[in-house]
Amino acid sequence: MSKLLNNNNHKNLTNYLKFGKGIINNLNNKSKQVGIISFISQSSIQSQSSIQSQSFLSINNNSNNKYFSTKLNKNEKISEKTTTRKIEDIYQKKTPTEHVLLRPDSYIGTIEKIEDDMWVLSNSMFNKEKKTIELNNDNNEKNVESTTTTTTKTNKKPLTYIHPIKATYIPGLLKIYDEILVNAADNKKRDSKMSFIKVEINPNENSISIMNDGKGIPVVMHQTENCYVVEMVMGNLMSGSNFNDSELKVVGGRNGFGAKLTNIFSKEFTVETVDKSSGKKYFQRWSNNMGDRSEPIITPIGEGESDYTKITFKPDLEKFKIKSLWDDNILQLMERRLYDIAGCNTELMVTLNGKRLNYNFQSYVKLYEHHLNNSTKREDNEEQYREESFEFGEISPRWKIGIGLSETGQFTQVSFVNSINTVKGGTHVNFLADQIVRYVGEKLKKKHSDLEIRPMNIKHHLALFVNCLVDNPSFDSQSKETLTTKPMLFGSTPEIPESLLAQFVKNSKIIERVAGWALMKQKADLIHSTSGRQSKTTLIKSISKLDDANWAGGLKSKECTLIITEGDSAKSLALAGLSVVGRNSYGVFPLRGKLLNVRDVASKQLLSNEEINNLTTILGLSHKNSYDTDESMEDLRYGRVMIMADQDHDGSHIKGLVMNFIHYFWPNLLKRGFLVEFVTPIIKATKSSTQKKSFFTIKDYEKWRETISSDQLKQYTIKYYKGLGTSTSAEAKEYFSNLDKHVIKFIWGDEADDLIKMAFAKDLSSLRQRWIKETDMSQGIDHSIKEITYPDFINKELIHYSWAANLRSIPSLIDGLKPGQRKILFASFKRRLTNEIKVSQLSGYVAEQTSYHHGEQSLNSTIVKMAHNFVGSNNLPLLTPSGQFGTRLQGGSDSASARYIFTKLEPVARYLFNELDDPLLNYLEEEGESIQPDYYIPIIPMLLVNGSEGIGVGMSTSIPLFSPIDIIDQLMLRLNNQVALKKLIPWYRGFKGTISPDRHTYRTNGVIKLVGRNLEITELPIGRWTSDYKEVLNDLIDKDVIKSFQESNTENSVHFTILLNNNQLEQMEDLTENELIKLFKLSASLNFHLTCFDENSKIQKLESVEEIIDQFYKVRLQFYGKRREYLLKSLDNQIKRLTTTIQFLEVIASGKLKIQGRSKQDLIKELESGEIVGFENFGTHPPEVYQHLFSLSILDITKERIDNLTNQLTKRKSEHQSISSSDPKSLWTADLQQLKEYLEKSDKEFQKKPLKTSSSSSFDVSSSSESAKLSSTRKSKTDKIKSK
């Protein structure tokens, strides 16, 4: 025995096993479990299965011990009877074949019937009811020899698709079929000339035949085993050609079981093969579960006969406990499995019972579309599937994928490794799915940052199809349902191209699908959260700011009104008014600021929002109820809601947000008249205690004012009510005494549903943009009516808030300023702010002078930003920062309190905004006072100099900064009628990095260099702040890319020293500067959204920087013409005034006109007589021309004063002559030259060449071809560093 165990000869070992056959025949039938002990030596054939031997010894016990165990059965007791059992009854020996039959689970899976979800064809050719094979295509009729069944040929072409059913089948039976099928497909890898696989399934004869051409098994004797190779690999376990693991193969077979398992579980198994190289044809039959074999029949091949292999077997149905292949769903699964083979092996002609399965991978995948798109109603005919249903990509010759949407609510994967159907997926599927989920997740985060979405939520919406080739694949078991090979051992790296992922996201709308699912989940969470709300009869004492109606939550709940006020001051007004109508049916609840826009927000945010929770509780609302019946309305604590907000734009927005909240969750409430509003006057004109006029809109007041004269207007006292807090308690009682005049009911109207969604849904911004541009802004609400439709509220009132919000957020093309900035500049000019003032004091002055109503804190922030001068902020700040205004360390957020810092106008401000233009501006009016102009007229487009960022309603703007010197040069060329040759490139004052074109935008790169053994970073890309960048470096430390870093940063400069160990240094030395920039995230794109207001206050979305300059140029040149006209007219008046004054003083000094002791009227009469020399035409002038003469002092008659006035006159005439001889272009050119000289003297930065573009070595992501040129070695090194 020892000799046999140490002998590698397979035949000797087999003979030894036969030696114990007598013992095996006497085994006790009570044996229920088998413990396996290997007696094969280490040099014997090894297998990846749990069975590694050719002889088996079993022990009758229930232990899981791998080796010997004597664990007793539950009911056994230690006794003499137990211990005296025959040793032969305990220990048994099995041959490998017997062990396969005894324990099939370890080899082919269970041989018991199971029920599971499996993919099958919609119109199988196997008709179980009729027991016929129905071929749908012409000329493919197949006869099945049987006296009880027939083959039917049908002319109808039903829709063919693959869908899941609850299939009943035997996994082991499917597996033995699949083993032969995969072997046939594997042969294509061995012989590229192989062209077909033909499968014949005859269920009535219990016969399956699989044939393929191409080189098969050599018909030669195996010198070691002394038998034909065909017999060895088809009739002996653990034999085959796939045991050399040093050789990489992309086939399905690995362990030497394969076809032998099919043989063992068949009553009859035959192999027929032609070996053209040896000129022989081989035929051999096995029967009785491979127990009996016939001698091989070898004949010479005929002329023209080619290589092929044909396996025919009849499964042992008794072993599988079925009577026929027609039983259950096994035939449908075998059929679909052949479709898999056809889809994965495009170059092969695959046929089943003579019917060709003509599919490639794409057309195969589309067979699943009907189910994945949840299509339950389709016409019963062939359908051309939409190409955009799936995105396909051949990542490499080894990897083909299809990505689609799964509308079934769960992740769907269909995958194949070397033609093996990995039913449960594995590492290959996970590797690809993770890439898709990661990409989609990043896009979702950008578009729906407020939604809580986990990677698994995205994965549940995916359908992923994979057909790949993997070197020497490893599986979880012999059934090969799950690939376990590590990605690094695949033999290739399947990185999905970003272009394919982008196309999938665009065409599949997966972003919208996942976001929609998340919103539905939020609603479900809300339903759950409100299911335990207090009953309507319970007073809600926990909400401290609620003044509850006495009847709320009682039998008279539907008679109650909840007044929602804008803040506490409005609540006080409401409570004062309730003293008139009583507290039984009215409750009051103040909102803190604006209500949350409940659309497109995470459920967590909704559930944690105190205002939303309070309103829901106070009103007794339930997310389970739709409130579509009178009966359901009785569950509410209040019968209606009355909004009491300010009559300004923000008040309209608050109304809209309350409306949106109710519409989003309970639209039926709006349809049932649940919402009303309480309106108050915004202006009151009082003439006497009995003569008062109230106006609910500014437009109403302006219309009234146009109907009366200025003298009549002076008889009125005008009072502006900017907030409800302005009204007195007496006025509140007046309002509530006449509720009909102040309460307006909202009613449903056509398009109400769509308009409310349009106004508040984030994904409808394009519609909002068009709505804002196309709506007539002259329209307004008539507050004399008693009812307003929701569409009218949206189109005539809320639109004004949207417009005002855009005015606050979107800059002017002409001066580059937003209203807040313009107010600050106006107040600074008005105050002549050349001396420092505290920022907090300036903001107070601005609010006072410009009627600013949004809080001084907002002004403080704007003032600080207008004074920022660090890299990435302003190229030309208009205010001076004196103190800590913030630095590039934290992007300006590190500024000191407004109480401690000072500012004043920068000298350059008046170079840019020439004082001569001030009289030409159109100054706005508010509360009867003149405030800032609608826009200033700088001499260069400040929109490009300092850039702008802003988000409005339905639109946003993002404009980079450009060099003022470049802009001046461009304007100079235009003024000289020359074409600008250079294209403007973004420029940031003090920036040391590079800026280069990148598709439709520009990319900014920082600076990193290898200095000695360290890396030094001396600049960051625009928009990345020093403190924030340390997170990037810490992440690289965690990934062992760098050792550590040191900081030498200042408030104005960047200097990081990166410390490296020897290994890291070696890796860095092999990277180019571009690759270092990419690795250290020193590159960022500049956003270009060129949205702004033009000179007519129309929103424009421009396409290029040059278009901004063009429009600015036209407007600015017109204003230089206006300036010239104004100056000439002004100088004419000054010349006339000076001339008259000089003449008047001269006649007095000469004694021609005596003024002593005379009345003013007498002097005027003498001057108008024309009798005084030099004043002949005095009487022709209007009085305002000479009224100033009578306010002159006695000192003005002196010679010195007359000489001074004469010099002024000469100067004014010279100026008049100069301007008369000039044109608008020359005036503008002079201003530009003056500005350029000032800039070049004030800062050396402006003396440098501003058009700094990237060098040839800079990293440019727009150049995909450049990226492709990276060598595979270098790229792999970079990826390796990053992946660590």
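Cβ coordinates are placed from backbone N, Cα and C, and glycine is handled just like the others.
The domain 'Toprim' annotation in Swiss-Prot covers 560-677.
Swiss-Prot lists Lys594 (among others) with the feature site 'Interaction with DNA'. Annotation note: Lys594 (site 'Interaction with DNA') sits in a coil segment as assigned by DSSP. Every protein chain considered, the tally of other Cβ atoms within 10 Å of the Cβ of Lys594 (site 'Interaction with DNA') stands at 15.
Annotated site 'Interaction with DNA' per Swiss-Prot: Asn597 (among others), in sequence order, evidence recorded as sequence analysis.
Sequence annotations record features per position, and here Swiss-Prot assigns Mg(2+) 2 binding site to Asp646, Asp648. Neighbours of Asp646 (Mg(2+) 2 binding site), defined as other CB atoms within 10 A of its CB across all chains, total 23.
The feature site 'Interaction with DNA' is assigned by Swiss-Prot to Arg768 (among others), with sequence analysis given as support. Taken residue by residue with DSSP, Arg768 (site 'Interaction with DNA') is part of a helix. Within the same chain, residues at least six positions away from Arg768 (site 'Interaction with DNA') with a Cβ under 8 Å of its Cβ are Met758, Ala759, Ser802, Val953, Gly954, Met955.
The feature domain 'Topo IIA-type catalytic' is assigned by Swiss-Prot to 810-1232.
Close to Lys818 (site 'Interaction with DNA') in the fold, though at least 6 residues off in sequence, lie Leu807, Arg808, Ser809, Ile810, Pro811, Ser812, Ser948, Gly950, each with a CB less than 8 Å from its CB. Per Swiss-Prot, site 'Interaction with DNA' is recorded for Lys818 (among others).
According to Swiss-Prot, the site 'Interaction with DNA' annotation covers Tyr852 (among others), on the basis of sequence analysis. DSSP assigns Tyr852 (site 'Interaction with DNA') to coil in the three-state reduction, outside any helix or strand. Shown in sequence order, Gly820, Lys823, Val846, Leu859 are the residues of the chain, 6+ apart in sequence, with a C-beta less than 8 angstroms from the C-beta of Tyr852 (site 'Interaction with DNA').
Sequence annotations record features per position, and here Swiss-Prot assigns site 'Interaction with DNA' to Ser858 (among others) based on sequence analysis. According to DSSP, Ser858 (site 'Interaction with DNA') sits within a helical segment. Around the Cβ of Ser858 (site 'Interaction with DNA'), a 10 Å sphere holds 14 further Cβ atoms from the protein chains shown.
If you look up Swiss-Prot, you'll see Arg899 marked as site 'Transition state stabilizer'. DSSP assigns Arg899 (site 'Transition state stabilizer') to coil in the three-state reduction, placing it in neither a helix nor a strand.
Long-range Cβ neighbours of Tyr900 (active site, O-(5'-phospho-DNA)-tyrosine intermediate) (same chain, at least 6 residues apart, Cβ-Cβ under 8 Å): Lys838, Gly883, Gln884. The active site, O-(5'-phospho-DNA)-tyrosine intermediate annotation in Swiss-Prot covers Tyr900.
DSSP classifies Ile951 (site 'Important for DNA bending') as strand under the three-state reduction. The C-beta environment of Ile951 (site 'Important for DNA bending'), restricted to residues of the same chain at least 6 apart in sequence and closer than 8 Å, consists of Ser809. The site 'Important for DNA bending' annotation in Swiss-Prot covers Ile951 and is backed by similarity to another entry.
Positions annotated as region 'Disordered' by Swiss-Prot: 1245-1284.
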(request) Could you state the whole-number distance in Å separating the C-alpha atoms of Asp648 (Mg(2+) 2 binding site) and Lys594 (site 'Interaction with DNA')? (result) 14
(request) In whole Å, note down how far the CA of Lys594 (site 'Interaction with DNA') lies from the CA of Ser858 (site 'Interaction with DNA'). (result) 17
(request) Could you break down the residues of the domain 'Toprim' (560-677) into DSSP helix, strand and coil, giving a count for each? (result) 56 helix, 20 strand, 42 coil
(request) Determine the Cβ neighbour count for Arg899 (site 'Transition state stabilizer'): the number of other Cβ atoms within 10 Å of its Cβ. (result) 10
(message) Spatially, and counting Cα to Cα, which of the recorded sites is closest to Asp646 (Mg(2+) 2 binding site)? Options: Lys594, Asn597, Arg899.
(response) Lys594
(message) According to DSSP, does Lys818 (site 'Interaction with DNA') sit in a helix, a strand, or coil?
(response) coil
(message) Rounded to a whole angstrom, what is the C-alpha distance between Asn597 (site 'Interaction with DNA') and Arg899 (site 'Transition state stabilizer')?
(response) 34
(request) Report the mean pLDDT of the predicted model across the domain 'Toprim' (560-677), rounded to a whole number. (result) 91
(request) Taking only the Cα atoms, work out how far Arg899 (site 'Transition state stabilizer') lies from Lys594 (site 'Interaction with DNA'), in Å, as a whole number. (result) 28
